[in-house]
Each structure stands twice: as C-alpha cells, then as structure tokens.
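Colleague: Below is one structure. I have some questions about it.
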Amino acid sequence: MTAKILAWLRKDKTPDYQPVERNSHSTVRVGDYLYMWGGYQPGLPEVHNNEKKKSMCSVMEVCHLRTGRWEQKPTTGNPPLGVVSYAAAAIGREIFYFGGYCNHDDCYHNSLYSFNVDTFNWKELSPTTSHHGPIMKAYCDMIAIKVNGEDYLVVIGGSEPSSNNTPKQPGAQYSYDKTNEIHFYKLSTGQWISPTVTGDRPPPIDEFTLTSINNSSAILFGGGTANRDSNNVYILNFTDTSVNCSKLSNPGGSVQWPKERRGHSSVLINTSSGPHLLVVGGIEILFSTYDIWIFDINNKSWKKLVNIPDNVTERCSHSLSVWSVTPTTNWIIVFGGKRNLLITISDTAVIELRYTSNNDWSTSIIPLDQYQEKLQERRREWEASQPVQPEDRREIDRLTRVLQERERELQEERREKEQEQLEGRERQLQQAQQQGQERERQARERERQAREREQDLQQQLQEKEKQVQQAQQQGQERERQAREREQHLQQQLQEKKRQVQQAQEREREIQQARERERQAREQVQDLQQQLQESQRLLQEKERQVQQTQQERERQIQEGREREQNLQKQLLQAEQQLQSRQRESQEREQQLQRQ
C-alpha cells in the first residue's frame, strides 16, 4: 500500500482552512468535534502577556469530524497564559487546561481553566500560585475520573522551573527539574487534594502519556526520567482519596516491546476483546522512533503496527485523538508536532485502525481529499455486515434518505460556500483594481502637483531675475544721480571760491563779510567731505566695472581655448579618417593584386 499525507483539500482541489504549524499542544474530542488550542506557534511573543499573545490565545481551532474540515473560532474571557506543553482533559461539555510554559524565561504556571464548547468562554478555576496545589510546571499530564458520582481531575508528574516552587507535596520526589507529584482536583468543591499513593509509584517524570482506561483507572507509558527515557507501563487505579500503581517492565527476550521514548502521544482504543493503548511517535534521546505500537491492556502484550509511513510517525510533541467510525474501525487524527526536534510542522494525518475478525489489526492512511467518501464507505460496509430485520430495513431506508438529504444539503452548503469564496475573491480583485486605479490617480495628481511646483519655481526664478535687473537699473540711476550731485557741488565750490575772493577784497570795508566768509569756509569743508565720499563711491563702482570686464575677458579667453581644443580634436579625427582611408585603399589594392 502506498500511504501518503495530503493537505486538507476538497475534491475540486480548492484548499480548506488549515491551522498553522505548532507543537507542544493538545487536541481534545468532545462529541464529533476536535478542539485544538495553543501550543508553540510561529510568532508567539516571548512575553508574559501582551495584546498579540492574548489575540493568538483567544482563538480555538475546531475540526468537524463528520466532514474532516477545520475552522478557527474566537473565544471570550481571558485564556490561560501557560500556552505551551500544558495538560488538557474533558468532562462533558467542558475542557480543562492545567499548567504550561508561558514562552518566556522560566515562567511556568499551575493555574486551572475551563473552556465551554457551547459558549466558547474561558473561566479561571484556580489561579497560578505557589501556596497550594501542584507546583508550577509543564510537560505533565491530566485525565478525568469519576468516583462515587464525583468528578475529579488527576494531574501527574511534569517539569518544574526552579526551586522557588513551594510547598512540595509530602511523599513526592523532585529530581533535577522533574517531579512525580500526583494531585486530585475535586470539581464540586474546587479544592486540590493530595491522595495516598501505594504500589509502584513512577519516578520523577515528564513528557509521558497518561490515558484513561475507564472512570477510575488509567495507563501511563514512557516519558523522560532523571537518568534516561522510559518504556515502562504503569496501571493506575483511583479512589476518591488514593491511587495504586502497578508497574510493567520490558521482560526482554523475544517479547515485543517498544523502545524508550518521550514526547509521544497515546489514545485508548476500545474493542470487543477489551481496551488497547495506541502509541504514535516520540523520540529516544535525540532521535525519532519512527514507529507505532498498540498495547493489549488485558493481556499485557505489545504489537508493532506496520504500513504507516515515516512522515506520520517521525514526529514528537504532536497531538493525537481517536474517533470511532464504526465499532471495529477507528480513525486516529494526528496534527503538527516537531521533526528532528527543530522543525515545527502542520501536517495532518488520518490513520485508519481496524480490528479484524481474527482479533488482529489492519492499518492504512486515509487521504484527506477522500475523507468523506471513505467515511460513508466504512459505515456502509458496517451496515452491510449486520443482520437486518424488516423494521430495521425500514429504519435504515429512512436514515439513508435522511443521510442523502443531509449530504445534498452539505453539497449545497459547499456550493454556497464556494460561491461566497468566489464572490469574495472577485470583490478582493475589484478592490485591488480600485486600489490600483486610486494609486494611479494619486500618482497623476502628484505628477500634476510636481509640474505646478516646477512652474511656480520657474515663475519665482523669473521674478527674481526681474528684481535683479531692477536693482541693477536702480544702481545705475543712483550712480548717475551721484555724478550729477558731484558736478553740482563742483559748480557750487567754484561759486564759493569766487565769493571768498570777493569777501577778501571787501574785508577791510565790511566786518560782517568776514563772518560770512568763515561760514562759507565751513560749508566748503562739508562739501569737500561729500565730494570725497562721492569720489570714493565712484572709485568703488569703477573697480567693480573693471572686475566685471576682467571676468568677461577671462570667459572669452576660456571660450577661445575650448574652440582651439575642439579644432585640434577635429584635425586629429580628420587625420585618423584619412589614415584609415589609406589603409582601406591599400587593402583593396592588395586584394586586387591577389
């Protein structure tokens, strides 16, 4: 048989929603649904809490087992902070989550939360505290039991972050970072209980599996201890105040027994011959086990199953759930995990496990694009194998019609969903086109604004040039006026000199004329100062004119030099052309002679 794993696909090859890759998570089955929460995912913030972490932890991945399809649903309330390697178990319509790693530093939790699958609401039952209950830890496991009509949760083992965890449980052991604590949580009172432990108590251990056999017993397999990984089996029997442990070890020899492992996953398989434990994957030290085993709990015997590809069994820290398709056929849903301890995966596999009439097992992989087809086929096979009474036949016919009608409704729902998705894609395309047109319009608008700014700058430049020309004209006008004032002052000076001469001639005659002469001399001095200032200004203007003329002459000289260089280059080009023409003529003559 060629086994393979496919993505979640419809028959038309259109991909359904698929949860992101993750490891160190759990899937819990309630009715015909699987509920998957948390785990280590790409992008999970390495902080105690923030909006992004709360957003990632406030969704639940739900798989409808009758269709094989996943969907993501939002939750309400505050989800647990121990999002990695927590423990989970279901009672009725509630799923309980204990402990876990917070994904930063050495932050672990011992809180207990419940999640209601009808309301999708989280509720904190017991907060994280160092004052009572189990220590803050991860990599433990939890099951639900029912004793004398009371519901309990049982938490066993795990890894502790540090010695700050207090108080320690009396009778429990703590080796390195591992513990073998056993605690009960009584739902009716909300109290943690330390039971009496008898028999072969497991050593401090983590990354094992604890699987319920019935309401008051469970089976523990594998895990990591202080010295090495384990392949021991423990049968645990519970009362409301105690637990008795019985150990089964590998007897050696030719007896089939799985190798030591941790990070594996297990589920219980019920058959007509009794309960069995199915174990998939895991690692031994640093290497994948690449196998799948089933343990007959009544006969205490192991059997290695075959026909399962490595890409199903080569994983650890994955989730595993079982769904009974018929009394003899179970489908095992495997999701995510790690390969080679490093690569987080999002592969989903469906293992079909069938209990045959000769008390043996057959295994195969259900291709996910054939999920619903195979489901109907298995149920038809089971119905065909059962003796049918007339009244049963009528009921079967009625149920067949109901199933056909339901299948027709499902097909119609799929068509409507596909049409909605097509319309959604068309809307997205239209939005993308509109966004493209809007971006093009914005680009044209920016181009128009750039042209307008360029025109404004050109106008401003022209205005500045006009202002410079006006300033030059005003300067020339001021120079002309200065020259006129200078000429006028010279004329006044000459007139004053004549008046001074006349005053000197009349000095002996008129005393008052002397006073006017003195005043005239003072005025002449003022005029001389003004004349000197005017001469200085005139000299400055003449110097500027000379500098301008020198600059122009320099530019003319540079232009002449460039012209001479160009003429030289032209002459050289003509000489090269003539040389090439001569060479061409010589080659032609040589060719003619040949």
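Backbone N, Cα and C define each Cβ position, glycine as well.
As annotated by TrEMBL, compositional bias 'Basic and acidic residues' applies to 413-428, 437-467, 476-524, 542-565, 580-594. Look at TrEMBL and you will find 566-579 tagged as compositional bias 'Low complexity'. Here TrEMBL flags 413-527, 542-594 as region 'Disordered'.
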Colleague: Taking DSSP states H, G and I as helix and E and B as strand, how many residues of the compositional bias 'Basic and acidic residues' (437-467) are helix, strand and coil?
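Modeller: For that range the per-state counts are 31 helix, 0 strand, 0 coil.
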Colleague: Count up the helix, strand and coil residues in the compositional bias 'Low complexity' (566-579) according to DSSP, in that order.
Modeller: 14 helix, 0 strand, 0 coil
Colleague: When the compositional bias 'Basic and acidic residues' (542-565) is classified with DSSP, how many of its residues are helical, how many are strand and how many are coil?
Modeller: 24 helix, 0 strand, 0 coil
